[in-house]
Amino acid sequence: MSASAVGQGRNVVVIGTQWGDEGKGKIVDWLTDHAKGVVRFQGGHNAGHTLIIGGKKTILRLIPSGIMREGTVCYIGNGVVLSPEALFREIEELETAGLEVQKRLRISEAATLILPYHVAIDKAREARRGAAKIGTTGRGIGPAYEDKVARRALRVQDLFDPQQFAERLRENLDFHNFMLTQYLGAEAVDYQQTLDDALAFAPRLAPMVADVSAELYAVNAAGGNLMFEGAQGTLLDVDHGTYPFVTSSNCVAGAAAAGAGVGPGRLSYILGITKAYCTRVGAGPFPSELYDNDNPARQDQVGVRLANVGKEFGSVTGRPRRTGWLDAAALKRSVQINGVSGLCLTKLDVLDGLESIKLCVGYTLDGKTVDILPRGSDAVARCEPVYEEFPGWNESTFGVKAWDALPEAARVYLKRVEEVVGIPIDMISTGPDRDETILLRHPYLA
């Protein structure tokens, strides 16, 4: 029996099925009309969600995209690593734009804090790795998660016990400063400055701190719908991605339950977001890659065109994204891991005007043909893509709002994607604005 059948609201999880940057922010914003609240459950301010509303561009890094909808309550769950400095910088940007933020934002008391020493370690490690760097954003996300797993992290609730916070901070800094100075060859982080700055955030945070898990339960019990907004993408998941070229958190749908404190049985529908092609930022294997700005051997002109037409630059880092054909074999892996109910395909219009379009449906790996992305980055790096080729279309799909209005060649391509991955495409995004969307099946009504 569904959650809605027993009087509870429906919960939709929106996750990326690629290497991030799939266009989740717009889709979350589009669906927020049907949700009482929007929840971030993992990651930190290392991923930007870009929204274009009424022609105005807004980039959100930490606060859920639902903040752009008046009256929607936004939640930051216990699975998020929180930089108070980044949070208030983002709040100020939004409030300057005329949005009411602090009265609509709830922050889990159990969220882990990102503090200056996490940032220092992140940057020092990448500098030490040199050419072998992973490509982190340098914002302290990974080191903060390390502290959480090591059970030494300072959490939001610790800010409200200054004496205990000071004692634990000193212990942490003794450890991290030793690592910074003796191993990484970097400068130590000042204890007193870190303490003073952190405690200064406490009174500003206090009105927003809540038992998020209990509040989410209450919203559902009253019949309210919730949306869980994933950051990054499945192929960057710390367990299921192309390890070690991954982020430091679980980006899969199952993380919504643990990272927000809700029962997994209350997740009603999983919406997987995928571009009509693939992109990746930073290092790591990418079987269907065509273009990499930093690699002279990867300068295919179709890939260059995808990057330029798709404006493929990181919204947080500004780094050029690597581009390639849609990898349906990798998408199939993501669909299985997440239990995806339906797909939303974004940026279809970027393919307009191509003479032909290729779809990766499998790989040749060590002399064998496989139809799903293998586990482990070494195996993925050895994969040679197996493509199916489709005729392109010259008609514009930009802003199209109905399936039947799409060019026949586009419909054929999309139907083949459905066949390969084994689930339906329920939504198609044909432009950055809210209304540039084709709806085939509504996640809250499915």
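Indices start at 1 and increase along the chain as displayed.
Including glycine, each Cβ sits where the backbone N, Cα and C put it.
Annotated features in Swiss-Prot:
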{"type": "ACT_SITE", "residues": "ASP21", "note": "active site, proton acceptor"}
{"type": "ACT_SITE", "residues": "HIS49", "note": "active site, proton donor"}
{"type": "BINDING", "residues": "20-26, 48-50, ARG321, 347-349, 429-431", "note": "GTP binding site"}
{"type": "BINDING", "residues": "ASP21, GLU22, GLY23, LYS24, ASN46, ALA47, GLY48, HIS49, THR137, ARG151, GLN232, THR247, ARG319", "note": "IMP binding site"}
{"type": "BINDING", "residues": "ASP21, GLY48", "note": "Mg(2+) binding site"}
{"type": "BINDING", "residues": "SER315, VAL316, THR317, GLY318, ARG319, PRO320, ARG321", "note": "substrate binding site"}
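Sequence-distant contacts of LEU348 (GTP binding site), defined by Cβ-Cβ distance under 8 angstroms and a gap of at least six in the same chain, are ALA276, THR397, LEU406, ALA410, LEU414, ILE428, SER429, THR430.
The number of other Cβ atoms within 10 Å of the Cβ belonging to GLY20 (GTP binding site), over all protein chains shown, comes to 27.
The shortest Cα-Cα distance from GLN232 (IMP binding site) to any of the binding-site residues (GLY20, GLY23, GLY318) is found for GLY20. Summarising the environment of ASN46 (IMP binding site), the number of other Cβ atoms within 10 Å of its Cβ, over all protein chains shown, is 27.
A Cα-Cα distance of 18 Å separates ASN46 (IMP binding site) from LYS26 (GTP binding site). Of all the binding-site residues listed (GLY23, GLY318, PRO320), GLY318 has the fewest other CB atoms within 10 A of its CB. If you compare Cα positions, GLY20 (GTP binding site) sits closest to ARG321 out of the binding-site residues THR137, GLY318, ARG319, ARG321. Across the structure, ARG319 (IMP binding site) and ASP21 (active site, proton acceptor) are spaced 12 Å apart at their Cα atoms. Just so you know, the Cβ of LYS26 (GTP binding site) picks up 25 other Cβ atoms within 10 Å once every protein chain is counted. By a simple count of nearby Cβ atoms, those within 10 Å, the most crowded of the binding-site residues GLN232, THR430 is GLN232.
THR430 (GTP binding site) falls within neither a helix nor a strand when secondary structure is assigned with DSSP, and so counts as coil. If you take the Cα of THR137 (IMP binding site) and the Cα of LYS26 (GTP binding site), they are about 22 angstrom apart, rounded to a whole number.
For the residue listed as 'active site, proton acceptor', the count of additional Cβ atoms within 10 Å of its Cβ stands at 29 [all protein chains shown]. Nearest by CA distance to the residue listed as 'active site, proton acceptor', out of the binding-site residues GLY318, PRO320, ARG321, is ARG321. Of all the binding-site residues in the record (GLY318, PRO320, ARG321), the one with the smallest CA separation from GLY23 (GTP binding site) is ARG321.
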